[in-house]
Amino acid sequence: MHSSLILMTLIPLLAPITITLINPHKNSLYPHYVKLAIIYALTISILSTTIFIFTGQESMISNWHWMTIQTIKLSMSFKLDFFSMMFTPVALFVTWSIVEFSMWYMSSDPNINQFLKYLLIFLITMLILITANNLFQLFIGWEGMGIMSFLLISWWHGRTDANTAALQAILYNRIGDIGFILAMAWFFLYSNSWDFQQMFILDSTSNSFPLMSLLLAATGKSAQFGLHPWLPSAMEGPTPVSALLHSSTMVVAGVFLIIRFHPLIENNLLTQTLILSLGAITTLFTAICAITQNDLKKIVAFSTSSQLGLMMVTIGINQPHLAFLHICTHAFFKAMLFLSAGSIIHSLNNEQDIRKMGGLFKTLPFTASSLVIGSLALMGTPFLTGFYSKDLIIETANTSYTNAWALTTTLVATSLTAMYSIRIISHTMTGHPRFSTLISINENNPQLMNPINRLALGSIFAGFLISSCIPPTSQPQVTMPHYLKLMALSVTILGLFLAMELSLMTNNMKLSTPVKTFYFSNMLGFYSITTHRINPHSSLATSQNFTSTLLDLFWFEKTMPKLTMQTQISISTTASTQKGLIKLYFLSFFIPPTLALILTI
Amino acid sequence: MAFSAPAAYLTHQQKVLWFYKRALSHLESWDKYRYYAWLMRARFEEHKNEKDMTKAIQLLREAEEDFWYRQHPQPYIFSDSPGGTSYERYECYKVSENCLDTWHPSQKAMYPDYFAKREKGKKLRGETLPPARKEGDLPPLWWHIVIRPQERQCRETERPHLSCLQVKYITEHTLALIKKISE
């Protein structure tokens, strides 16, 4: 029964889009239609998820046969397993909150209906991705999300930076899509199918090539190290876009893809090690970048990237269900962090720099509270949402047979998480206000407070609720030493105290030139600056050498005109008898008649 | 009061003052305020009474180099300034002023003063068309104006030369008058 209910979830979501096709005129009630449609879909999905939890029955629906190409059959099929059934209500809940927040944040935008329509289309593509039972359908959702990401990042398309950021997102995601298509081609050739069941049954040797390709796809979509610059640039879009796409739903699609293929990955140690290493590098690098940023949204974006790296680390230690739990819990508190940031930014007249914030505890008490709750959940404070996933991940990593380097990196990144969270709170909430005094700040709007309220409740209780619904997949670690059990909490507290101590020190320190590591962190490791210049520079240098050396030097000097000239000169000097000796010629002209005269006499 | 045009060069005083303002506002990028602004002022005050221009220029140059070396990699930019987070954000919503011409007369009647002034401005700029020659006719459209015969400039003593259109108009008018009289 839950299978038909979950299909019914998609129908209310299509209604608002159909309305715009039938009646394209502007409708002031359209935002409410969208919100209602999402609420209905959420209610239906919660019903079906509850039934699924109690029955524990996974199902697969295949209802429309599209075509058959030789021996491969393409059909529309939905996989309703634990992952899709648990994530659907989470995605709908977060989207409901963000749509309601958008009605406040984008209220002055004349095209708010179009904005909400784009968000809805994005949600539909996300649901297509997570319920897909074959790679082709998953790819449709994958690409759909990429397109909506492009349209939403460049929402304010009059701004050059927004267009650049949207193109950057498309290009980096496209590099990842190469991996996806390679994997599809490999599975087409060797498994003769794109259905997950068939691929998992047939692939007993666990070939590394398709898994590496899928890893490339996940690197692009989930902003792992190497293909990560698009995520902080994507903060050019409106805050609701950042909250929905670039924190909770779209960026986890890459991790979700890897989780879907965990039956193949768990037999391939090379892929697991690569995922672990990539995740560890990503989580540390992005956490280092986050601690010196001054843009509020960029700090939260790097925090997202760091948590995505942590999810990859979790998959690398062969715990896909833990990674999925972290996806679900992370969606709540990260979306709330973004909405709180949006509330602050909108209240301060689009001021995003934390150097010009301060003293907002008293002026925005509700936002401040939610920001603190979200930060505490992010840090893994005991018994909040983040604790149930993050602490478990670190405990499992500590007690698993994994390399110490990845573990140390993850722990350092965990303490850096606490540092940048404290930095956000201290700069935005505490101290004297550094913003203009002419701004009137008011957060007393239900469309602002209700979404943040809901997400705050989710950030406190969702972890407990979801973790109690996960079926046991493996034998949990029963005993461990005290220091391993308390490792996550202790590194978080260490990071917290370090951050507070350093901030107190810098207030009293002399203004001096910062160390080189500050510049490394502030300039994001100089990654974008170097990689975005290397390619054009190498092609321009090659073309310059091409024209100057190949064309000018070779064709114009070494071969055709100059060579011809040199050949002509050498030939003419060799073959010519004329030496220019006029006196000798005249003399030689006179010598024969003189000789003849002498001889005849 | 006459204002003199700005000179092609900056005086030393102007350079120092501009530099001081830049350095002071750059302190905010480093999250430093009152105390460090006072320290910065003290550094400038130390060499305030320097009379030797060579030394003064050397000091300014060293100060500029020091500023360059210590500048913040992400200086604070106001959100609406070029390079800020909301610069050009609302360009896509801006519409040309000509859209007011498409308003219905009942909408225009709600703002009579504004539209009256607007029409006056358009007439002064020469954007409106001249009136039609006859009632019920269309006003001269743009090609009539573009391809109109050029009017030659003449001296006051000379009789003005009539253009072909003018002759045609006079002829038609005369013929209509004659016809009316005969009737």
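Glycine is treated like the rest: Cβ placed from N, Cα and C.
The feature domain 'NADH-Ubiquinone oxidoreductase (complex I) chain 5 N-terminal' is assigned by TrEMBL to A:66-115.
Among the features that TrEMBL reports, domain 'NADH:quinone oxidoreductase/Mrp antiporter transmembrane' is placed at A:132-415.
Feature annotation from TrEMBL assigns domain 'NADH dehydrogenase subunit 5 C-terminal' to A:420-599.
Residues or ranges marked as transmembrane segment in TrEMBL: A:6-24 (among others). Here the transmembrane segment (A:6-24) has long-range neighbours at 30, 33-34, 37-38, 40-41, 44-45, 48, 61, 78, 80, 84-85, 88, 92, 113, 116-117, 120-121, 123-124, 127, 131, meaning same-chain residues at least 6 beyond its ends whose C-beta is under 8 angstroms from one of its own.
Outside the transmembrane segment (A:115-132), and at least 6 residues removed from its termini, the chain residues within Cβ reach (under 8 Å) are 6, 9-10, 13-14, 16-17, 20, 30-31, 34, 37-38, 77-80, 83-84, 87-88, 91-92, 95, 98-99, 102, 106, 109, 138, 140-142, 144-145, 148-149, 151-152, 155, 238, 240-241, 244-245, 249-250, 253, 256. Look at TrEMBL and you will find A:115-132 (among others) tagged as transmembrane segment.
Taken from TrEMBL, the feature transmembrane segment applies to A:138-158 (among others).
Residues annotated as transmembrane segment in TrEMBL: A:170-189 (among others).
Residues or ranges marked as transmembrane segment by TrEMBL: A:209-231 (among others).
Sequence annotations record features per position, and here TrEMBL assigns transmembrane segment to A:243-262 (among others). Sequence-distant contacts of the transmembrane segment (A:243-262) (same chain, six or more residues past either end, CB-CB distance under 8 Å): 83, 87, 91, 94-95, 98, 101, 119, 122-123, 126, 129-130, 138, 141-142, 145, 148-149, 152, 176, 180, 196, 211, 214-215, 217-224, 231, 234-235, 237, 275, 300-301, 304-305, 308, 311-312, 315, 318, 320, 323-324, 327, 330-331, 334-335, 337-339, 342.
According to TrEMBL, the feature transmembrane segment maps to A:274-292 (among others).
Taken from TrEMBL, the feature transmembrane segment applies to A:323-345 (among others). Below 8 angstroms of C-beta separation, residues 82-83, 86-87, 90-91, 94, 97-98, 101, 105, 239-240, 242-244, 247-249, 252, 255-256, 259, 296-297, 300, 303-304, 307, 310-312, 314-315, 351-352, 357, 360, 364, 367, 370-371, 373-375, 377-378, 384-386, 388-390, 392-393, 428, 443, 448, 451-452, 455-456, 458-459, 462-463, 466-467, 470 of the same chain, each at least six residues beyond the ends of the transmembrane segment (A:323-345), sit close to that stretch.
Residues or ranges marked as transmembrane segment in TrEMBL: A:366-384 (among others).
Positions annotated as transmembrane segment by TrEMBL: A:404-425 (among others).
The transmembrane segment feature in TrEMBL is assigned to A:455-474 (among others).
Here the transmembrane segment (A:486-504) has Cβ contacts under 8 Å with residues 379-382, 390-391, 394-395, 398, 411-412, 414-420, 422-423, 426 of the same chain, all six or more residues outside its ends. Marked as transmembrane segment by TrEMBL: A:486-504 (among others).
Only residues 6 or more beyond the boundaries of the transmembrane segment (A:170-189), in the same chain, are considered here, and those with a CB under 8 A from a CB of the stretch are 72, 135-136, 139, 142-143, 146, 149-150, 199, 207, 209-221, 223, 227, 229-230, 254, 257.
Listed by sequence, the residues of this chain that lie at least six past the ends of the transmembrane segment (A:274-292) yet keep a Cβ under 8 A from its Cβ atoms are 212, 215, 219, 223-226, 228, 232, 258, 265, 298-299, 302-303, 305-317, 402-403, 405-406, 409-410, 412-413, 416-417, 419-420, 423, 518, 520-522, 524-525.
When the domain 'NADH-Ubiquinone oxidoreductase (complex I) chain 5 N-terminal' (A:66-115) is classified with DSSP, helix, strand and coil residues number 28 helix, 13 strand, 9 coil.
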